[in-house]
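Student: Just lifted these from TrEMBL, have a look:
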type   : residues  : note
REPEAT : 19-92     : repeat 'Filamin'
REPEAT : 186-282   : repeat 'Filamin'
REPEAT : 283-379   : repeat 'Filamin'
REPEAT : 380-474   : repeat 'Filamin'
REPEAT : 495-595   : repeat 'Filamin'
REPEAT : 595-687   : repeat 'Filamin'
REPEAT : 685-773   : repeat 'Filamin'
REPEAT : 870-958   : repeat 'Filamin'
REPEAT : 963-1055  : repeat 'Filamin'
REPEAT : 1091-1142 : repeat 'Filamin'
REPEAT : 1148-1240 : repeat 'Filamin'
REPEAT : 1266-1360 : repeat 'Filamin'
Amino acid sequence: SIPASHLPRPPGVFRESFAKFTVDASALDRSGKGQVSGVVNAPSKQRSAARVENKGNGMYECSYCPLEEGPYQVEVLYEGLHVMGSPFPVKVSNGCDPRRVRAFGPGLQGGFADEPAEFTVELGTAGQGGLSLAVEGPSEAPIQCKDNKDGTCSVQYTPSESGMYDVVVKFADVDIPGSPFPVRIEAKTAPNKVTAYGPGLETGKVRQGVPATFTVDASRAGPGQLAATVTQAGQTKPCAATQAGQPGLYSVGYTPDREGPTKVNVMYAGQQVPKSPFSVHTLPKCEPHKVVVTGEGVRSSGVLASLPTEFCIDTTEAGEGDLQVTIEDSEGRPVAPRIEPQKSGVYLCKYTPADVGRYTVGVKYGGVEVPESPYHVRTEPTGDAEKVKMVVPPESSVPAHQEAIITVDTSDAGTGKVTCRIRAPNDSELDIDLEENDDGTVSLYYTPRQPGMQTIEIKFGGQVIPNGEIKQELLKSPPMLAAKVLCIEDLRWARPTVLGVRLKVEEVGAKKAVPSSLQPSDYHPVDFKLPVGPVFARVEGLIRTPNGRTARPTLDDNGDGTVTFKYLPTERGMHELTVRYNDQPIPGSPFKFFVESVGTGHVTAYGPGLSHGRTGEPAEFCIVTKDAGAGGLALAIEGPSRAEINCNDNKDGTCSVNYLPLAPGDYTIVVKFMERHIPGSPFTARITGEPRRRAEVSVGQANEIPLKITETDISGLTASITGPDGIEEPCVLKRLPNGHLGISFTPKQVGEHQVGVNRAGRHIPNSPFRIDVSESDIGDAQRVRVSGRGLEEGMAGQANAFTVDTRKAGYGGLSLSVEGPSKADIECHDNQDGTCLVTFTPTEPGTYLVSVRYAEQHVPGSPFTVRVGGTGVSAGKAEVTGPAEEASATHVGSECELSLRIPGTNPFDIGLEEAAEIVDLDECQYAVRFVPREAGVHAVAVQHRGVHVPGSPFQFTVGPLAGGGLGAKGVRVAGNGIERGQAGRPNEFGIYTREAGAGGLAIAVEGPAKAEINFQDRRDGWCAVNWTVPEPGDYTVSVKFDGRHVTGSPFHVPVTGGGATSRGGAGTSPFEGVGQPAALTLRGVPPNTVAVITAPSGARTEAPVQEIPGTDQAVVRFTPKETGSHMVEVPGAEGSPFRILVSGSLAAGAADPGAVRAEGEGLHRGRVGQRAKFLVHTANAGSGALAVTVDGPSKVQLNCHERENGYEFTYLPSAPGEYVITIKYGGNFHIVGSPFTAHVTGEAEPSAEESELLAHSALLVETRPKQAAYPERVICRGDALRQAVANQEMSFSVDASRAGYDMLLVGILGPADSSDSVRVQHESAGRYTVRYQVTSPGVHLLTIKWGDEHVPGSPFRINVT
């Protein structure tokens, strides 16, 4: 018998596919000489011959292609006789089976770039279906497919770049077994694909002795070794090559030894790259004769004494060298120039000639005089020095180390400036601070350092003023007592101010002598860490010193795109650092920094934060106060954004300061000692970077694991999972798509996990369950694939898409963010196959950063830079206008009524803080009635379940409105319709206009679609508004009164989509309390839905929607942590978002804006240039955020200081006009009387910027309940308060347990030669032990303060023996 194997059995074969079988006749004839034939009988009785292939070894391969559906009979004959089992029944049916397709060949194993990779697809038995092929990887790979007419196809693809590729083979749109096939493509060495470019290969850009660089790009040339040499005068030297940024990119550098012809040879894999060798002509390093000097400051005449002049130095064609500028007056004394880089190689030099006479200006470049140097400049007098009057003449004798002042009046002297020169007893010149006052006077401040005789010369316009030559005797200063603040106990309530910090610096020891000559080590080293670019060799740095010389800093590559510039100064004064990358200045360059010598006896400051920084990163510097004597230190920072200041006393005579800038621009840093600027102050720090708008979304990919749970009701079940490390975390228990119960969690550790499922705190049967997590289950961002045009380019106003493939990346959370010129709506669609389709829609063109993170790590290539084109998206706009009538005036003793509409409430839960009557008029419409006992402004606080309703507390004036009303600032807008909305449904809010008086009211809604607005004026001071839009998106609601925006307008309102597809309604949600579980019952919610809860503070959390078995209901559970209105968004649910009101107890510290009061002149009036002050009392208002804003004609300095019962605010206006002060507490709740209007009078300061728009200044303070302090209740006990023994430790006790809450300060003051120490030990609540030791006998003063006040008996007089 001859067997026929592999004949198809039921379900048989598919129609129009190749069916194959084998006939084995080797038992009869191994030579294959026998005759085998096959006959195929179709259902229609048609007979056809099968194709037979003799393998020559007794084996025969047979095949046929059935064209009909139904039962077939296949006859197999050997030498004309039926083999065993013939004829064979075969069932032929329609359809296909991708599992029968097989792909094989070398092209699925690996290959080389730019070479064809081939493989074969065998699909003869798979049935009817289309074959689709794709190759995904670093480059496009053209595919060719040839049908071999035998059920197989030959496939060829040619990748152009090396890397990992995925070869996707699908049949009937389904992956075949093994697809996608990972294939590694190797690069093949191709020196002809190497490119070399850069200034180091260009004539005219290479100079002798100056490092030259160029770039070699071998990223497409495959593996190979790069070698480069430079040849001059027959001598060849190797070039230094380093990898720059990405693989295959090199930075090559060399330094030519001489000028003249130069050849640069570049080899790759032993072969010349294109255009190599390169011919370059090397220029001399420095060519001073090509320097051009022009300007008024080098003219032979016409320069006026005492007035600044300038000239320009152009070195662009002169190569590289040190620029040195020297200026001497007619007596040979040096004059310090100020050199400002303008652009590459061009400098502006400024100086002020103080005297009349001939000045000599020398300009050297590379140590050689430039053409026409030195220049002789004759200065001429200006103004009338005889008319200058001495207002505050100098004293004939002054003590050393004390500041002295001279004031002169120049108002009648005409054009000119005051100059002064003071020669100290040791023949050195003294530093002078010259201040021009607004009244035409000039004040000169100086501090002599040495006893003896000094000379003072005062000039105006280059001429000596009357009595302007003075000799002054310097007396030895009297001995000073040394004082220390030795202990500050408990600093929990100490905060730095936002715009200013004041410290106390006190002399702690003897002064050191100032060295007569300073060496480089006598200056603080300077370090700059700046972001530049990926190629370190393209970075250049140049420092310009105060005397005009140039120096090169040391450059350190940090390996992260930043470079540290290190420099050791050699002279005092303002320096400039110019940084260039790719021959272009980096953002912020040039950077200015001031250098002061060490040990001069002055207060000095140094550090990077005085000159530069990045937005969102702390900027740091240090202030040195030792050897400066006693005095007050003040610090202030002003700039484009509020900058939080932190100042730390290092206890060694220095203070470390850091501040956090939030916006780019120039920040002014003022450091004063004894009310005078320290050297270099005010400093200017250039902050780079830009504030950007960011949109983000997170998609949690969790592992869903079924559990053997027999429970049917999961509403009362809770689940937690314990990992291998023993840490227990809650997890989500849910009904899986297959109907089983299970958990959803994201694995982060390999090993055994235990899942505990409990009901009422007890394990259910079979709990805990065991789960094993393998290495492949852990999320790995490196295995995520991201592709799509949306990662390269996009259009504004359109959805730009890309795909994220996490199928091979394990389980983890996917987070997406888009950052750029506008906020972009992000949508993520789960394709249910391990991939997500992501779209983002920006509204403005520009450059965007798209970040894709998986398992909290960036995926390969992230963040992606996307260039978005097009134009800004115009929005639909709707507007309604109408009059708002003035409410009737009320009087003392008569009934007053406040009408309110509060959606979503019931009258039983409405409450008031004062006795009043609440009348339920109709659905959610209430009237609050009360009888006032006095005229004036009242606050009506309306609460619903213990929480203020939107807009509460309401201001209500009894009696006539002052001035006919407050206007726009008296309008209050409140309601959900200005916070969030839903498409297709009315979004409602109310407008309270009673305090505004009569006027016109305009409401506008602008956004992606036009809105329908309904407006109803109840003619009692309350207007109801609702608006409906057909599409979701971001909308802007504007409310204007008499043409001016009301407080808070415009409002930005996010609108979500409607839930029309859901059936059934949402159940009623009860009011909840903080810390208590909240539940929301729903009907008709799609399965596997996740709800988003938004708290009043804006914090967003997710919660699963759990089905209730046996019902059509589902439940959302969460535990609120804040009081107020929470919004629960449930996708697909009708009525979403839902509002849940969370109440809280004020006794527990919840914020109560109705209890906050504000008072002070600064709320009503002020003067330009003078600080206006007001107090905000929050002592009885609980914990909350206190937000204060000042809007007016100028930006103001807004400061805050904590006081006993709240906070004191001060602001400094620089222009007259009307300022609006808004005060909110505990969220978006105005306090009583807010907003306030302050009328500022006076003349605008010269620095004030005029604008048609209001300047905005804001300050936010987090408050906590606190107790008042009672220093009079502090009790001090012990003999050490009256007498002590030198060099012995003494102690006494301090009892502040009944003195409230504040900080304890202890200090001791003794003779100058006394060395004192104090230690404070906190024993228990409010009780302290103080120990001190003094070294010198005599009278000492012991100061003890509780907060800012002395305790009883302080200061104590101690006799030390």
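Note that Cβ sites are derived from N, Cα and C of the backbone, with glycine treated the same way.
What does the local environment look like for each feature on the list?
Tutor: Mean pLDDT for the repeat 'Filamin' (283-379) in the predicted structure: 90.
Across the repeat 'Filamin' (380-474), the DSSP tally of helix, strand and coil residues reads 3 helix, 52 strand, 40 coil.
Residue counts for the repeat 'Filamin' (1266-1360) under DSSP, split into helix (H, G, I), strand (E, B) and coil, are 6 helix, 51 strand, 38 coil.
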Student: Using DSSP, what's the helix, strand and coil tally for the repeat 'Filamin' (595-687)?
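Tutor: Secondary-structure composition of the repeat 'Filamin' (595-687): 3 helix, 51 strand, 39 coil.
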Student: What counts of helix, strand and coil residues does DSSP assign across the repeat 'Filamin' (186-282)?
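Tutor: Final tally across the stretch: 6 helix, 48 strand, 43 coil.
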